[in-house]
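Annotated in TrEMBL:
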- 6-32: transmembrane segment (TRANSMEM)
- 18-159: domain '7TM GPCR serpentine receptor class x (Srx)' (DOMAIN)
- 44-66: transmembrane segment (TRANSMEM)
- 101-122: transmembrane segment (TRANSMEM)
- 129-149: transmembrane segment (TRANSMEM)
Amino acid sequence: MAIFIPSLIGAVMTALSSTSLLINLFVLFILYRGGLLKPSKSNIYLLAFANITSNCIRAAVIAFYIGPSIILQTYIFSDGPTDIANTIVSYIENATWNVDMLISAIVAINRVSVIVFTNSIGKLFTRNVVLTLTFMMVILGYLITLVSFKIMPCCVEYTSLY
């Protein structure tokens, strides 16, 4: 029974993250092929594209590394939680989460400015501003993760249940 529960949790995580990955890839395909990323369309689609791309990276890490590691009850590419492979996987997963949170904040500010302040601040979010903010949020998300891994090591994730 002790082996069954982690395997079940790992299988559920792998299945859910794989499903999430497929759905997110489908939405990215729709955004791209539907022409919603063109300059003539709303800039919110650029933010959505960046956010969903980050979600895809995290879902792939969970589906192809964290979930199987839980099922197997071992580190797939390393011998322990502090080995380089596990550290890289943890860094990527944590960084994409930080990027998602930062982009979500930009989306919220964008929506308030466009909907509430249509005549004044609403025009602040041009395509170039949105692209610059998105790029800055990605860099900031990865820098926050670097700080959390080096200065606050309590934030490092480990992908095993035992």
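All residue numbers here begin at 1 and follow the chain in the order shown.
Glycine is no exception: its Cβ is also placed from the backbone N, Cα and C atoms.
Curation plays no part in TrEMBL annotations; they are all automatic predictions.
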Helix-strand-coil residue split for the domain '7TM GPCR serpentine receptor class x (Srx)' (18-159), DSSP-based: 108 helix, 0 strand, 34 coil
Within the predicted model, mean pLDDT of the domain '7TM GPCR serpentine receptor class x (Srx)' (18-159): 88
